[in-house]
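S.K.: Below, the features straight out of TrEMBL:
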type     : residues                                                                               : note
ACT_SITE : D:139                                                                                  : active site, proton donor/acceptor
ACT_SITE : D:143                                                                                  : active site, proton donor
BINDING  : D:14, D:15, D:16, D:17, D:18, D:19, D:40, D:82, D:83, D:84, D:109, D:110, D:111, D:112 : NAD(+) binding site
BINDING  : D:140, D:149, D:150                                                                    : (S)-2,3,4,5-tetrahydrodipicolinate binding site
DOMAIN   : D:9-112                                                                                : domain 'Dihydrodipicolinate reductase N-terminal'
DOMAIN   : D:115-251                                                                              : domain 'Dihydrodipicolinate reductase C-terminal'
């Protein structure tokens, strides 16, 4: 395998899961890549070697993903990973394995939604220009956590950008408030969570200064929204040896 | 004065206040009404009689509004009142005075924004059809209370409509939440308040059921938004003897 | 069958179509109604009689719906119909059949989305209070017509409400415009159609007067949005003999 | 004057115009800058020298702005210019004058709204990731042109970004349309213009791909929105000798 080739033969790990099935369909329909292996929990990883897979997409489970990745790295197969549960220790382990496998690329990404990534990035870039900023997220009412992980990360990025720019707290003359009216504070940024039947996953960042406001909104209506991000990652991973954390690193954002 | 005539000669009480000036300008520019008296705190109410005012608009102060209204009712002058501070006792007093002045009409309204009134009404009508509903209000950061009075009233109306329809609590599986993330609860309806520089006064009611959502949003950008409501009230008050509370009563809503 | 009983046994015609399957699932899961017959094109209508269906839901085809309805009316079975293609002649035919079947109710509705119905109703109610109003609809890019039928009907309702209120054309000082910039005109109301990948079916009515705007937005994300309207219709049809056109007639809107 | 000093003494040209008055007020209230001269058409530019102005803000008229700038450049005074009418020839002339005045900086900017600049920039960055994109602008109904200049520029930027990324036309299966329903085409990007009483200046860029959409919205409610952009320009112009076109060049955007 040449170290910087664009991959074309792709295997999917966790192929029968909800996300996995979408990924299989997307790889199957996309130009330039070919779905050569659909691996789920009762299947052997050897299939990847037999089918000459050049890269895998892994949406499996924290319990098995490290074994999957060791196998892939040892066999020179790139990996695009959406499975959760990567802490610093796991990332360090991966770096160690990859040091022995020059040319192999692994991407670990908590979020493959390009829209969510752009929303966070734009919110971070705009934050230093505005006096005020708050985050509103809206999800289906079966969600267990409030606010969402994406909303928390967005608020943290905004708070860091404001701190870098030397901005203090946003103006707020509230002196009489009902409990909770002003939302949760994440690093000082108010975050509001709505739970509405019929919604899927939506987020709005509202920024304002004298006489104007800027609103960045992301609406995710369907699991299909992960597919373009995975395909972009597959298009880039062959030319990105070593460990990459976060899809944004592969998007060539200015 | 005939008991059911459309008024044309109008006086403004509190004519030099911020709202009063807007009202003067609006009456002056409107067809079918004539601004005959601009009365402020150093002026005498006798001006209203001298100029043959048929109706007044009162945006003054709780301390003086009852004296103003007694004078108007005694002189057969209708009144459209945006001044605050009317409790049940004051309303009862007005009813007594009006009983002795058949044909005179007085409107007491906490809100002359037609958009705010329609938003509340539509929210109340829609509430019984949806599993979920929450209120988001956005105001400039100099506002002292959170949520706004309009947002509270909206939530109360929604809660009452849901109770009438036999709806229980909205679905919400939240099990892990940061304090405040799910907003304030007003009669069980979540209300979220944002404070953003550049905003004026904005509110959104978000309703949702399986596969669909309905959003009703009101944006008030300028004090001028009170004027159309005042003009409509002036157009109707001559044909509406006695006490009326709430502009919505004069809007001929179905 | 008593003429005004609430139906409980329900058959679905067109049970294997996309919408039909959703309807079957919704009836099956709902309290108070029981799915007794799933009829598709190779099945006999006699099944409805055999299973003692009290009402049917018909999402079939213009070619077969009249035969379906004649059978149902003759057998004293109520019908809730979402199939298209009803012109005045067909409605007249139905009225004739129903005249001979006292107690049987038939609802013909072009739209079972409660949100779309409320949006249209609220837009019509609000129209007379505002100088300006325009309609924006956003759909997936596979849609053949622009603007959507719902957007056209909304604009027609708004235009009629404005005419009733004596309002003339909305203000518009545009003197230099690119072709199409100001949208399509439906009875004088500008309608704008966006086609965006990822969207499903969305519509916004924007109304504005001095200093304020009111926006009514409906987002339909999923075919499931038809189900609550169908269930409401089933809940009401047993007490609504004769022909009813439009779900709004059954919603007890003020 | 040192070539890279932060300016503190500021003169305003066109000080009595609508925008000029806002600029005077903003400079007066801002920390770190001092309003030393308010110059309008009956005043002499010599005032700038007498008051030791280090920079000017020019919101005047195409007929006089070149004379103003020649005077400023000759006297070593930086200029932040919002006056319109700069074509290539004028820019070339300015470059010539500045070549003889090392250390003097001139910024020519068609737009000082930071929100509008960020909206355009983000729209351009996001464009290559999405199948579909359209622009909707909403303005007060006294506006003469449709679509707005900002909407046109936004569409041009988006079209250029799509072309760079090798994207073809957005998907659109429309086969039956009313004239204008799909908006105006600016370099192939649909642009829709609404004219609504109560609105000021608003724009939304809607992007969509499989299962998700991204919306970037800018709301400008007040002329005050120009002030932060002018103040940022004043903060940077002293360290930016030569000619700069476009405020975005001074915003240190990544």
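A Cβ is built for glycine as well, from the same backbone N, Cα and C atoms used for every other residue.
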S.K.: What does DSSP assign residue D:140 ((S)-2,3,4,5-tetrahydrodipicolinate binding site), in three states?
M.R.: coil
S.K.: Name the secondary structure element type, per DSSP in three states, that contains residue D:109 (NAD(+) binding site).
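M.R.: Once the DSSP labels are grouped into three classes, residue D:109 (NAD(+) binding site) ends up as coil.
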S.K.: List only the single closest residue to residue D:139 (active site, proton donor/acceptor), chosen from the binding-site residues D:16, D:83, D:111, D:150 by CA-CA distance.
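M.R.: Going through D:16, D:83, D:111, D:150 one by one, the closest to residue D:139 (active site, proton donor/acceptor) is D:150.
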S.K.: In whole Å, how far is residue D:149 ((S)-2,3,4,5-tetrahydrodipicolinate binding site) from residue D:16 (NAD(+) binding site) when you measure between their Cα atoms?
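M.R.: The separation of the Cα atoms works out to 25 Å.
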S.K.: Write out the long-range same-chain contacts of residue D:149 ((S)-2,3,4,5-tetrahydrodipicolinate binding site), meaning residues 6 or more apart in sequence whose Cβ is under 8 Å from its Cβ.
M.R.: D:110
S.K.: Take the Cβ of residue D:140 ((S)-2,3,4,5-tetrahydrodipicolinate binding site) and count every other Cβ within 10 Å, whichever protein chain it belongs to.
M.R.: 17
S.K.: State the count of C-beta atoms found within 10 angstroms of the C-beta of the residue listed as 'active site, proton donor', not counting that atom itself.
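M.R.: Around the residue listed as 'active site, proton donor', other Cβ atoms within 10 Å: 19.
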S.K.: Show, in sequence order, which residues other than D:140, D:149, D:150 on the same chain lie with their Cβ within 8 Å of the centre of the Cβ atoms of the (S)-2,3,4,5-tetrahydrodipicolinate site.
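M.R.: These residues sit around the (S)-2,3,4,5-tetrahydrodipicolinate site: D:137, D:139, D:143, D:145, D:147, D:148, D:151, D:201, D:203.
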S.K.: Please identify which of D:16, D:18, D:139 has the densest Cβ environment, defined as other Cβ atoms within 10 Å, among these recorded positions.
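M.R.: Selected residue: D:139.
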S.K.: Sort the binding-site residues D:40, D:83, D:111, D:150 by C-alpha distance from the residue listed as 'active site, proton donor' and give me just the closest.
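M.R.: Ranked by Cα distance from the residue listed as 'active site, proton donor', first place goes to D:150.
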S.K.: Please list the DSSP helix, strand and coil residue counts for the domain 'Dihydrodipicolinate reductase C-terminal' (D:115-251).
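M.R.: Looking at the domain 'Dihydrodipicolinate reductase C-terminal' (D:115-251) with DSSP, the answer is 48 helix, 44 strand, 45 coil.
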S.K.: Give the distance between the Cα atoms of residue D:111 (NAD(+) binding site) and residue D:150 ((S)-2,3,4,5-tetrahydrodipicolinate binding site), rounded to the nearest whole Å.
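M.R.: Roughly 9 Å, rounded to the nearest whole number.
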